[in-house]
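**Student:** Got a structure for you, written out below as structure tokens; questions coming shortly.
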Ligand SMILES: NC(=O)c1ccc[n+]([C@@H]2O[C@H](COP(=O)([O-])OP(=O)(O)OC[C@H]3O[C@@H](n4cnc5c(N)ncnc54)[C@H](O)[C@@H]3O)[C@@H](O)[C@H]2O)c1
């Protein structure tokens, strides 16, 4: 470890100590009114920084202004408003009725802040995925350290400014920087880690958390399949799938990764898909490249990875329905639909996380469900159908973080639903009360009023022995 790294680590240590030393005081003083005030301050500052947020995301990866408003600013505002409406109820201790064995006691469940939380966020929605979890942390009464992604540095700087402006530094700190900052932070004994990112790094985070037995929420990624059944409204399905895929240039954790389409409607679906893309982003290659509504790829590394996926698929015999054009300087990859891909190609094996959509025809829904079952658990699974029996079949027989029927993406906005994955796509959940619970510990508090405890104590002889035997029999029933 060099001197600079050592100095940096000492600095992080100091920051962590400052935050965690205030834990007991914070529990006593960061009550409903104070949490409410912090959330209102965050909402106000977010509004004041709208212009800077839009500029930062344009700089980081050409994210269109309207998409920024819709997916970076509005979701955080909505999370704050929802929390303000419900926080008092979430914080209230819940009465736990006595059971037969605990007759004579009074009990309640008291949600308490876990302490100091670490929020590690990715680059693809750099504001929403840093400040959204922060809303839940503050609601729960935690202090927090945010580590934004180094791949979206302008957005990370704005997140840092917003936090510094809205909240005291002994409550929330932002640590900008790369993997080394994340690694140094993961050495510290945080009380909860909320990680959003890839399954690969999620495993590292969980491994590091295990060293301190720190609890984790893991919001991960993976391949989210779409099933377009023979009974789907194809025009509507095509538009909704194209939007879900190509928003943020496909760099969305719950973006449709690939489409399975019933063979009987494949040709009509592909025609509708082509026309939906043309309608949204432009009729020809030049118009699409000039579209102000289509984002760029985050980094040269990801640009190369995605270009490699297209090249490998084409070499292996896949055909393009539309797209495939790219420009390395601006990191532009056109909305691309591929047909004739196979299971050996990277595009069918790895999470795509870019504007490439393989469309795979099927004869047998059972076989599609078996293939999904055989792979890692998806974060989202989408089905487009009008036939209720087919929808029910997919709903009952599949496991995924969420199931969207005749929609893509918008379940992220439903704050009365838990948002999270299972297995490879994550652990735990975010949003609304589930976000609050992620950062809270539910403490059992039990008071003795007139519980008959004395007869349970030794020496076990005579009448007492008999009584305990009868009690054990009755209570064990
Ligand atoms: N479930 C969700 O809500 C959700 C949302 C957005 C993105 N994602 C997923 O995130 C991924 C894309 O984001 P990304 O590329 O920023 O993910 P990533 O896992 O590469 O990085 C996420 C964060 O982890 C840090 N990090 C990277 N390597 C690390 C290491 N070795 N040790 C410690 N920290 C490290 C990064 O600095 C960054 O802040 C995709 O897989 C996507 O599906 C999931």
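Any Cβ shown, glycine's included, is placed from N, Cα and C.
TrEMBL annotations: computationally assigned, not manually curated.
Here the structure is a predicted model, which means the values were calculated and not measured.
Sharing the features that TrEMBL gives for it:
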ACT_SITE  219  active site
ACT_SITE  253  active site
DOMAIN    28-445  domain 'Aldehyde dehydrogenase'
**Student:** Long-range neighbours only, meaning 6 or more apart in sequence with Cβ under 8 Å: which ones does residue 253 (active site) have?
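**Tutor:** Spatial neighbours, sequence-distant, of residue 253 (active site): 124, 196, 219, 220, 221, 224, 379.
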**Student:** Just to be sure I understand the packing, how many Cβ atoms besides its own are within 10 Å of the Cβ of residue 219 (active site)?
**Tutor:** 28
**Student:** Any idea what the model's mean pLDDT is for the domain 'Aldehyde dehydrogenase' (28-445)?
**Tutor:** 97
